[in-house]
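These notes are about the structure you will find just below.
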Amino acid sequence: MLGKALLLLLSSPICALAQSAADYYVKSIPGQPDGPLLKMHAGHIEVDAQTNGHLFFWHFQNRHIANRQRTIIWLNGGPGCSSMDGALMEIGPYRVKDDHTLVYNNGSWDEFANLLFIDQPVGTGFSYVNTNSFLHDLDHVSSHMVTFLDKWFAMFPEYESDDLYIAGESWAGQYIPHIARAIVARNKNIDSKQQPWVLKGLLIGNGWISPLDQYPATMQYAYAEGLVKEGSSTATSLDAMNDACAQKLADPGSQNMIRIGQCESVLDSLMRLTRTSEEECVNMYDIRLKDASCGRTWPPDLDPMTRYLQRTEVRSALNLDREQTNSWTECNDQVGFNLRLENPGVPAVHLLPDLIESGVKILLFSGDRDLICNHLGTEQLIHNMKWSGGTGFETKPGVWAPRRDWTFEGDAAGYYQQARNLTYVLFYNASHMVPYDWPRRTRDMVDRFINVDIANIGGTPADSRLDGEKLPQTSVGNTTSSTSESDQVDQEKLKDAEWKAYAKSGEAALIVVIIGVSVWGFFIWRARQRASRGSSPSKKGYRSVYPGGSNNTSSSDGAGLLSRFRNNTNNNASSDLEARDFDEAELDSLSPGLQNARERDHYVIGEEDEEDEDIGNGAKSSLH
């Protein structure tokens, strides 16, 4: 009976689904560039058994640890758009060159932080759920994420004590604060056996956060950038729609609405009414560009990335359930439709003050060429928001924190403004997807926000300045400012130390040989002396040098004495002078990071000489 019960248990779905970290290990990835494979894990984790809800993740281990361990969770928006956008077009270590080739991203955020990309909500990207079970509210989305993290940290407990940051862009401006609130609540309600998660900060790029402030900014930005000519027939039509939007926003019930139909129509009409005779319209994600889709097929990397992720061998490498994930699309319209069918929750702007006051730092950043979530709307929401005893960027009543000009390696990069644990960064010449345009500049920004200290690692720091004042040192992955340069120096020091240690050991061995030969010769000489005196009738013999040795010896005592010497030497063979003299502490003392130089080198990526440049040519109205 017991045997049958055991057999049933082993064959049960619960047992079959039990997995370990090893099951998620990514052994290799198709098209990977030359060099060591980064340490990766990927696959599905169940978050809702009743609806077959599973979230897909792709995790990259950091290449270096600066002063402490950090994990950054990245989420794209939509709603319903895959975080593989962030992994392969923005902040991840690889970019897709074509559908069969990956290249290193010079400016990836994984140098000092573990990266965890999650396709969420269920049904997004490689995640899946029963077709009638898409989510309708942000509380449910947040609950799934907390469940996911509980299971993920149980699988990978070495990361549970990391400083935790949640980052993303666009409609993730709604996801991120709601998920952060759920984590703060979870930390307050856990029992003594559970570990609180160290939520340190949030980073939101071109985020959809405050509809009340951001809907009106569409026409403000269009006029400011010359997309619409004031007084024109197009302007008249759009102004009428914008007035209808303003009336709806004035309705008290709209204060808690994330999506307002009358306001959504303004952007759609702007795209339609400004279409050129060549049937091109402005790219809503990068106004420097025009194309027939108004940016819905932008950026150019999207097509090869889609073909890459649809390859069978790629899905196999990422440990995907083949029966559930037959393909990949960037955005699942059904996920977005169901989340926007009704109001999914309170606008995230209302959550930010409590999060900041609870000790969570927040960084908002914007690319100045984005229309759909433009910087004017973000700046307006900050201006109106009240937190920590002040309004906006007040440092004291009536006095606002200054905008500090930011230069990166000699070029005007944008500006910083910050007060009371909120930081805002504007990027010049940047689109809706800022890390796509400026990977190294965003890496510089994130390293400073998460307080990376490279003092114990080395490398030539990037030249990053605010108002001409050089900022604390950090390195940003190119040949002139990277920790890889320091790694090479450490390796050279290690090799030099090893050769010195080997030489020292060789000298010690030579000394041992010389001493041994000398002692051996001495005893041979003494033995012969005793043998030559053995014929004297008055001999008393020699006292043994070993305790317990006979006082009277014959002519054969010389050989016996030498034999005892050899035996004594063999008995002490374990006391290896060479081994004693090879002090590995010398190697450890070279630098605090040198002990792990070999291990770090396994994950160091060869740097490229490419400089950041604006990405153009090529062209969603989803918020990615």
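Using the three backbone atoms N, Cα and C, a Cβ is placed for every residue, glycine included.
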Report summary line: Checking ASN478, ASN551, ASN567 against Swiss-Prot, the one recorded as N-linked glycosylation site is ASN478
Requested in this report: Write down the residue from ASN421, ASN572 that Swiss-Prot flags as N-linked glycosylation site.
Outcome: ASN421
**Report entry** ASN106, ASN552 - residue that Swiss-Prot labels as N-linked glycosylation site
**Finding:** ASN106
Query raised in the report: Of ASN106, SER170, ASN421, ASN429, which of the recorded positions has the most Cβ neighbours inside 10 Å?
Result: SER170
Query raised in the report: Could you give the Cα-Cα distance between ASN429 (N-linked glycosylation site) and ASN106 (N-linked glycosylation site), in whole Å?
Result: 19
Requested in this report: Out of the recorded positions ASN106, SER170, ASP370, ASN421, give me the one sitting nearest to HIS432 (active site) by CA distance.
Outcome: ASP370
Report summary line: In all the protein chains shown, the tally of other Cβ atoms within 10 Å of the Cβ of ASP370 (active site) is 28
Query raised in the report: Could you give the mean pLDDT over the topological domain 'Cytoplasmic' (526-624), rounded to a whole number?
Result: 40
Query raised in the report: Within 10 angstroms of the C-beta of HIS432 (active site), what count of other C-beta atoms is obtained when all protein chains are considered?
Result: 30
Query raised in the report: SER170 (active site) to ASP370 (active site): how many Å between their Cα atoms?
Result: 11
